[in-house]
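According to TrEMBL, the domain 'FtsX extracellular' annotation covers 62-158. The annotation domain 'ABC3 transporter permease C-terminal' is assigned in TrEMBL to 181-300. Annotated transmembrane segment per TrEMBL: 27-47, 177-198, 226-249, 277-296, in sequence order.
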């Protein structure tokens, strides 16, 4: 056990010495990897900060049921009774809006008044405005109710106020997928950078490696310092990336909060939890160490 620890201590010291003896090259590689890691960290922070905002948005409580224009008054009353009797648990209030009432309301908006006046007849349909009862699963309830009402004879179209919220959720899902693709691309960049760095080191130290083998050094002993170089570079790159992301988030948080205030909400942009960042940093160190092992295995055979 002591021998194993001494070997790892020796490999760690050798790795640090190699990084310190080539400060410009080491700093360049660490900076390149850090810049590549910085972008997904910022994107991750934005997604994590946006999810509570979406969850806190008050769910829409109304839906509008547009009726077919050929319906007569008695058919409208029958349809209203059917909706109220069959869906009383989901509905808090149902209001019938005639097409004339809808036109009167719309004419109060100057943008629509001239357009409606120019038309030979009122194109608006009669409609029911349904206020949904409060429920923890209000969005799912509204979607299910809309699907059931669409099957009723005389219903032409249904407009849900939750449509925009569904679009926002779809946008967040797209953001998560984009973050995954971006992260995979960054991993490829990190692996390529570390692979090339270790390749150059292995080629520059080929004589030292050959002498070590002649005196009986094992392949693990030869490769171990390179693995530590990869792991240390990955860890330092993560620390620098987190620092850069923290600096970049400050002005982004101010700009994003101004945008959110225009929609009567607030967004608190911050880095992910320390535990998550630590896990990602350890994962990057494992990836860079694996890339270093792959590179030294391929380029130290001579």
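Every residue gets a Cβ built from N, Cα and C, even glycine.
Automated prediction, rather than curation, is the source of TrEMBL annotations.
Below 8 angstroms of C-beta separation, residues 33, 37, 41, 187, 190-191, 194-199, 202, 222-223, 226-231, 233-235, 237-239, 242, 271 of the same chain, each at least six residues beyond the ends of the transmembrane segment (277-296), sit close to that stretch. When averaged over the domain 'ABC3 transporter permease C-terminal' (181-300), pLDDT in the model lands at 85. With a threshold of 8 Å between CB atoms, the same-chain residues lying at least 6 positions outside the transmembrane segment (27-47) that come near it are 172, 175-176, 178-179, 182-183, 186, 189-190, 193-194, 197, 233-234, 236-238, 240-242, 244-245, 248-249, 252, 256, 269-272, 277, 284, 288.
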